[in-house]
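See structure below.
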Amino acid sequence: MEKHISRLHFVTYQSQAISIEKQVMEYCAGGGDWVQLRLKNMEKDEIKSIARTCQSICIQHNATFIINDYVDIAYEIGADGVHLGLNDRSITEARKILGPDKIIGATANTFEHIQKHVSEGADYIGLGPLRFTQTKENLSPVLGFEGYTTISKKCNSCNINIPIIAIGGITPEDITPLFNTGIYGLALSSYLAKNENTGLATIELLTKIGMNQSKLFGKK
């Protein structure tokens, strides 16, 4: 079964100003088709409740719904997959629980991380951060555009063609230079969540992404 990996990923942003559900609704209304639910420091029952609502929104808009970290919740509600951080459970463990058809993404900060994730069967890589961001605690070393270029070239030379999604402090101005490094797609969080018009911002991002094509990886 071929798994479609979108070029634009939205990672939900925890804020008292705007609900997670509203973020997801507005993003999907703008044509976004990939949502990663990322919730920290919350009770599991509350996470599960929000997850079910967001999943319903994604189903209505034919969007892929991924849960960050919580493999058990993803399994219970039948999410499309999970995204695992560097300190989360292994891809191998998650695959045993979720089965072969679910999508498993994994965070990476180095080429060696990517090699490991590929060997364990990851479907895509979230590589970052591009620059400093307050969205995530315990931030890994910043890569910058040069870091993405170096890692993309290493992947290419080793025939590793897994989709690489850039993440971490990304703005619309970064889209063209990021695609020039050889990445497959990108993920945004606070830029979309805090935007006065998330739907319109999503449309504009998708348009700009469509005008750029990775030099090292073909469209999928």
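Just so it is clear, glycine is given a Cβ too, placed from its N, Cα and C backbone atoms.
TrEMBL has this to say about the protein:
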type    : residues                                                 : note
BINDING : Gln36, Leu37, Arg38, Leu39, Lys40, Asn68, Thr107, Lys136 : 4-amino-2-methyl-5-(diphosphooxymethyl)pyrimidine binding site
BINDING : Asp69, Asp88                                             : Mg(2+) binding site
DOMAIN  : 9-190                                                    : domain 'Thiamine phosphate synthase/TenI'
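On the backbone, the CA of Asp69 (Mg(2+) binding site) and the CA of Arg38 (4-amino-2-methyl-5-(diphosphooxymethyl)pyrimidine binding site) stand 8 Å apart. In the predicted structure, the domain 'Thiamine phosphate synthase/TenI' (9-190) carries a mean pLDDT of 96. Around Gln36 (4-amino-2-methyl-5-(diphosphooxymethyl)pyrimidine binding site), the same-chain residues at least 6 positions away in sequence with a Cβ under 8 Å from its Cβ are His9, Phe10, Val11, Thr12, Ile66, Ile67, Asn68, His83, Gly105, Ala187.
A simple way to gauge crowding: the CB of Arg38 (4-amino-2-methyl-5-(diphosphooxymethyl)pyrimidine binding site) has 21 other CB atoms within 10 angstroms, across all the protein chains here.
For the recorded site, Gln36 (4-amino-2-methyl-5-(diphosphooxymethyl)pyrimidine binding site), the DSSP three-state label reads strand. Straight-line distance linking the Cα atoms of Thr107 (4-amino-2-methyl-5-(diphosphooxymethyl)pyrimidine binding site) and Asp88 (Mg(2+) binding site), rounded to a whole number, equals 10 Å.
Close to Leu37 (4-amino-2-methyl-5-(diphosphooxymethyl)pyrimidine binding site) in the fold, though at least 6 residues off in sequence, lie Thr12, Ile20, Val24, Ile50, Ala51, Cys54, Phe65, Ile66, Ile67, Asn68, each with a CB less than 8 Å from its CB. Long-range Cβ neighbours of Leu39 (4-amino-2-methyl-5-(diphosphooxymethyl)pyrimidine binding site) (same chain, at least 6 residues apart, Cβ-Cβ under 8 Å): Thr12, Gln14, Ile20, Ile47, Ile50, Asn68.
The two recorded residues Asp88 (Mg(2+) binding site) and Lys40 (4-amino-2-methyl-5-(diphosphooxymethyl)pyrimidine binding site) have their Cα atoms spaced 13 Å from each other.
Cβ-based neighbour count (10 Å, all protein chains) for Thr107 (4-amino-2-methyl-5-(diphosphooxymethyl)pyrimidine binding site) stands at 23.
Note on Asp88 (Mg(2+) binding site): other Cβ atoms within 10 Å of its Cβ, all shown chains, come to 17.
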